[in-house]
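Structure, as structure tokens:
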Amino acid sequence: MAASDKSVDDSLYPIAVLIDELKNEDVQLRLNSIKKLSTIALALGEERTRSELIPFLTETIYDEDEVLLALADQLGNFTSLVGGPEFAMYLIPPLESLATVEETVVRDKAVESLRTVAAEHSAQDLEIHVVPTLQRLVSGDWFTSRTSACGLFSVCYPRVTQPVKAELRANFRKLCQDETPMVRRAAANKLGEFAKVVETEYLKSDLIPNFVQLAQDDQDSVRLLAVEAASHAQLLPQDDVEHLVLPTLRQCASDSSWRVRYMVAEKFVDLQKAVGPEITRVDLVPAFQYLLKDAEAEVRAAVATKVKDFCANLDKVNQVQIILSSILPYVRDLVSDPNPHVKSALASVIMGLSPMLGAYQTVEQLLPLFLIQLKDECPEVRLNIISNLDCVNDVIGIQQLSQSLLPAIVELAEDSKWRVRLAIIEYMPALAGQLGQEFFDQKLRGLCMGWLNDHVYAIREAATLNMKKLVEQFGAPWAEQAIIPMILVMSRNKNYLHRMTCLFCLNVLAEVCGTDITTKLLLPTVLLLAADPVANVRFNVAKTLQKISPFLEASVIDAQVKPTLDKLNTDTDVDVKHFAAQAIAGIAAA
């Protein structure tokens with residue numbers, strides 16, 4: 001009997017620990033307890049999880065938001081622990097309670113878990129357990145429950161009977177007309193999702209009127225979410241789109257609130273895909289123009305980022321003509337917009353118009369705009385143009401590009417803002433490949449060498465990596481003749497930083513120049529710098545010798561590298577000794 005009692009006590013122990021920890025004053029202990037729920041459920045078994053653990057959790061839903069959030073998250077993955085889909089309804093009560101709490105993140109997580117659990121119900125159980133939950137949330141006294149209800153319609157609707165579907169549509173309409181703006185906002189947010197599962201006839205008779213109403217709401221926070229729902233237009237035939245959706249879209253594009261117009265700008269390409277090419281040409285092009293000259297800079301910036309995608313999705317037959325006559329005149333104005341964010345947004349996409357317009361129109365129409373942007377006082381604008389030069393190069397060829405854009409690139413390479421110089425350096429290997437070795441040697445090699453002496457460390461570091469990429473592009477013989485002699489000169493510079501940059505270059509060049517050049521040209525300079533008066537240079541010699549040793553013959557390492565490292569290992573400077581010892585150990589291990 002005593003043994004039997006002991007086994008019962010043992011089996012009760014996990015739930016006792018959980019209850020104790022959940023009642024503990026320390027939030028972290030309560031949180032840890034919640035995070036161990038799945039382990040405790042496994043220990044209790046499916047039946048006791050259903051009969052003891054879930055009721056306990058349902059009754060104790062009053063805690064810190066952090067704990068409730070963890071609980072809402074855990075319960076979404078609990079179906080297997082309560083016995084599988086046929087027992088999933090046991091998870092509904094605690095999640096329903098969590099879906100009504102005040103903290104938004106907790107409610108959102110509870111709704112997410114409810115959606116997961118609802119999807120695991122059979123169609124019959126869905127109607128018996130989930131739909132009544134949804135209806136209770138819809139008619140809840142607090143707006144919190146009504147906002148949570150909005151997220152459950154699209155999960156329930158496809159799997160219920162026609163009478164229940166009618167009820168759900170009526171409930172959704174009720175939420176769209178709720179007196180609380182937060183509820184209407186939640187309904188507007190889920191309208192597009194719900195529209196995807198509703199039959200076309202009811203989409204037209206029930207949901208479109210809801211959409212129109214929400215798009216005219218007196219709260220702009222509701223109207224802007226209704227714009228997002230306009231993507232349901234793709235579910236309708238073209239005639240219906242024209243009559244039912246377009247008037248509302250036109251109205252939103254010229255809404256008195258800039259936040260609504262901003263949302264239209266953000267979603268413009270999605271709307272364009274939803275309504276199709278013909279309606280785009282007739283209705284959306286004028287709306288796009290209207291937004292491109294909007295009074296608010298945020299709206300202009302948002303729509304400027306869509307210029308390339310909007311043009312790419314135009315009807316291919318009329319694409320060039322529409323771009324030239326209807327889009328470019330407005331784009332020209334944005335190139336000299338007073339707001340730097342607008343110009344920067346445009347600069348990130350304008351190059352993408354080049355493949356659509358072809359070589360002649362690029363040279364005639366776009367190139368003058370690129371040149372204006374390359375001389376813009378805002379570095380972001382210049383950076384964005386430089387980053388996308390390859391689009392134009394593919395269309396008009398490098399000859400035209402070099403004549404028109406190279407002077408501006410040279411100017412940027414010497415820009416006072418180091419981030420602009422950095423962007424040019426990162427683009428240089430690609431540009432060098434496009435221009436060819438001869439052109440590069442004539443026009444750009446001097447710039448690349450100049451960067452190695454830049455006063456900003458990030459530029460010098462990027463310039464050394466740039467050298468490596470250029471050697472990969474043009475080959476080791478070119479490096480031996482064109483750049484290594486210029487780099488070795490830096491080892492005799494009076495400024496120790498330049499001598500260190502020389503070492504950094506030799507580090508990376510050894511990887512691409514091969515054993516012969518490393519032994520003949522690079523190693524002697526590294527060994528020479530081992531006697532440098534500056535400790536920073538000497539310990540970088542130790543690091544460099546370790547780095548280049550894989551590209552040296554064993555006899556060279558024994559005869560030249562190891563004696564130098566041994567000498568550095570007896571240096572008076574502690575850092576030099578440290579890195580020398582590290583290099584000796586590294587070479588020995590290799």
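First residue shown is number 1, and so on along the chain.
Backbone N, Cα and C atoms are what each Cβ position is placed from, and that goes for glycine too.
Here is what TrEMBL says about this protein:
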REPEAT    14-52  repeat 'HEAT'
REPEAT    91-129  repeat 'HEAT'
REPEAT    168-206  repeat 'HEAT'
REPEAT    207-229  repeat 'HEAT'
REPEAT    245-281  repeat 'HEAT'
REPEAT    284-321  repeat 'HEAT'
REPEAT    327-365  repeat 'HEAT'
REPEAT    366-404  repeat 'HEAT'
REPEAT    405-443  repeat 'HEAT'
REPEAT    522-560  repeat 'HEAT'
REPEAT    561-590  repeat 'HEAT'
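Note on the repeat 'HEAT' (91-129): residues 54, 57-58, 61, 65, 68-69, 71-73, 75-79, 82, 85, 136-137, 140, 142, 144-145, 147-148, 151-152, 155-156, 159-161, 164 of its chain, located 6 or more positions outside it, place their CB under 8 angstroms from a CB of the stretch. In this model, the repeat 'HEAT' (522-560) carries an average pLDDT of 89.
Tertiary neighbourhood of the repeat 'HEAT' (405-443): same-chain residues 370-371, 374-375, 379, 382-383, 386-387, 389-390, 393, 398, 450-451, 454, 456, 458-459, 462-463, 466, 469-470, 472-474, 478, 482, selected by CB-CB distance under 8 Å and a gap of 6+ residues from either end. DSSP labels the residues of the repeat 'HEAT' (168-206) in these numbers: 31 helix, 0 strand, 8 coil. In terms of DSSP secondary structure, the repeat 'HEAT' (561-590) contains 24 helix, 0 strand, 6 coil.
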